[in-house]
Each structure stands twice: as structure tokens, then as C-alpha cells.
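Student: TrEMBL lists Ser177, His204, Asp301 with the feature active site. Marked as domain 'Response regulatory' by TrEMBL: 9-126. As annotated by TrEMBL, domain 'CheB-type methylesterase' applies to 165-360. The 4-aspartylphosphate annotation in TrEMBL covers Asp60.
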Amino acid sequence: MVKNNKEIKVLIVDDSAFMRKILSDIINADKHLTVIGTARNGLEAIDKVKELKPDVVTMDVEMPIMNGIEALEIIMKNSPLPVVMLSSLTTEGGEATITALELGAVDFISKPSSVFKINAEVMKQELTTMVKAAANVKLIKKLQSDVKFEEKSLDINFIEATSKQSSSLKIIAIGTSTGGPRALQSIIPLIPENVSAAILIVQHMPAGFTKSLADRLNSMSKIQVKEAVDNEKILKGTAYVAPGNYHLTVKIDHNGEYFIKLTQENPVLGHRPSADVMFSSIAQLRKRNVIGVILTGMGSDGAMGLKELKEKTNSPIIAQDEYSCVVYGMPKSAVKHGVVDEIVPLNRIANVIIKRLEVL
């Protein structure tokens, strides 16, 4: 859906004249988009945002004078608007991208490492889709205050009760996309270290960025958070983030132990990893020890997998509410399929998960 059926005004921020030209050509070729200005660094971007009042900004990360992260922080504080980051596929680029998402960037696309590696058709599809989606998102303020509030309000009786339950492994399966990194930061750090469950996470991200997300969540959390590795045993008190470009599935061996199985089967609804694939894989196990969670994100990934999970295991399904979603797409689709048991504001989801675990 295009904002008000009018052209979406875009400001391009990149220190490379070549990239500014490429991005401008792609955006201007779409009848719903128009470039109203460009900037060579973060400082120029701040001025252009005030002057031109764009609907969406595309922001490079690494720039002279003022980088994209510094500019983003100032823009989100003074004149908040949807920002899409362009990030290089490096360790530093991944870490910077996670920081940008924390600061309020809507999403990001990976930037080619050189002009020789630009796939114009892929970039066109990613960029135009992302900019159009960004123009319609709801900006959510930084969520640290929610985390602090919810940490105080967690029901300690439920946490203690959970730790006294059977030692058999339980699974919390989470699917998310746009807005997911910040949403996960409002949930995972609040899970107690003695939790009797493992957490499996599908976040739509390219290869390379998912490890940065896992590392950031790990640094904030009581439980261990890591990027999933093929054939590793699934342990309680650990969260596993599906690596970019791999589907995450679950297998059980003859001893009843759970293991991660990563595959590179075809993308589902354009996604690999896919929440549908993860939920469906867990449904095949036909175990009544699972909680399904669907968070903010574009599209409908996860809905069919959750439907299968509900039909085969009658697992409780939790969906993030529309008000706290950056994009109410994935949760909305799950709700429409009639499989959701609870629709919950983001700052209550950790508490609801803990309460559900007690009776699982």
C-alpha cells in the first residue's frame, strides 16, 4: 500500500556519488516514488531532513564527517521519520546495523561490497519494496523504558514455579521480521536464566547479520543467545537465532533429545529463514511442549506454520498487538487464520510467556 496513493518522497544519504546515482535511478523509475534530495554525509542529512521533509530516508552507515548511526540518532530525536539503512556485509557493518535498528531505523538492506557486485534487479526489488513499506510503518519510540517497567512487574511466583516444573525440554518458537530486533530486545532479556525452555528465533535477515543480532541479544540477556549451528543439541536456557540464508528445523533422536537441523531448501514466501518452516517442523514432532509467538513484521510468514502447529499440537499461540507493532503484518495474518490464543502488547509478552510455561 502506497502512502495516501501519492508519491513517496525519498532522501538519499550516501557518500558515494555513484551509489547516489544508482539509488536515485532505481527509486525514480518507480511511479510511486520520487527522490527529492541527496546528502553526502550525516550532517548534510540532518539539514536536508529539516528542509525537505521527506517521507523516507535511505541512509548509508559509513560516511565521513558524520556517519549514518550518529545522524540517525539525531534525526530520530529531533524529527523522527522512517529510515532504511544501507549496510555493508561485514562484522562491523552487522554490529552497526543492529545499533541502527535499536535507534529506530525501520529496516535495512545489505549494500554491495563493490560496484562490480551490484545486482541491479535484486537491489531494485529490495529497495523499492522496503521504501514503500517504510513509508507506512508506525514509528515506535525506544523500548528501554518498557524493558525496565516489565522487569519490575514480572511475577516472581511464576518464575519460581517454572523452575520447579519437570526438567523435560519445552520450546518457545518466535517468528518476526520488520521491527523484530527491537521487539526481541523487549522479550529475551526478561526471560529468567532458570527457564525450563529453549527459544528458537526466526528473524528475517541476510546471512552475516543474524550473528550480530544474536551477539547483541546475548550481551543483554540472562540466558545464552547464539546463532544456531547445524546438528547442535537444543538446551534449555538457550536461545537459538536462525542464521541468514538457512531454514531452522528441529529433529528428535532415539533418546528423545532435540537437535537443530539447518537446511537450504527453497525460500518460503521469499524468506530463508522462514517462520513457517520452523513452526511446521516443530508441529511434525506432535509434542505438547511448545509456545508459538509471532511478532511485528511485513507479510504473512508464520501464519500457516502456526496453523499447523495449532492443529497438530494445540499449542498456545501468542501474537503481538497492532499498537506495539512496527508493521502489523505477520501477527495480523496469524490472527486472521484463527490460531492465536492471546494478542498481547509487546511489553507484556515476556510475562505471558513465563505464565504459559508454568502450565505447559
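Quick reminder: no glycine exception, Cβ is built from N, Cα and C everywhere.
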Student: What is the three-state DSSP composition of the domain 'Response regulatory' (9-126), stated as helix, strand and coil residue counts?
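Tutor: Residue counts for the domain 'Response regulatory' (9-126) by secondary structure: 57 helix, 28 strand, 33 coil.
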Student: Would you kindly give the Cα-Cα distance separating Ser177 (active site) and Asp301 (active site), rounded to the nearest Å?
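Tutor: So the Cα of Ser177 (active site) lies 9 Å away from that of Asp301 (active site).
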Student: Give me the long-range Cβ neighbours of the residue listed as '4-aspartylphosphate': same chain, 6+ apart, Cβ under 8 Å, in sequence order.
Tutor: Val13, Asp14, Asp15, Ser16, Met19, Gly68, Met85, Leu86, Lys111
Student: Once the chains shown are all counted, how many other Cβ atoms turn up within 10 Å of the Cβ of Asp301 (active site)?
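Tutor: Summing over all protein chains shown, Asp301 (active site) has 29 other Cβ atoms within 10 Å.
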Student: What does DSSP say about His204 (active site): helix, strand or coil?
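Tutor: Its secondary structure by DSSP: coil.
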Student: Using the alpha carbons only, what distance in Å do you get between His204 (active site) and Ser177 (active site) once rounded?
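Tutor: A Cα-Cα distance of 5 Å.
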Student: Under a criterion of Cβ-Cβ distance under 8 Å and sequence separation of at least 6, what residues of the same chain contact Ser177 (active site)?
Tutor: Gln203, His204, His271, Thr296, Gly297, Met298, Gly299, Asp301, Val327, Gly329, Met330
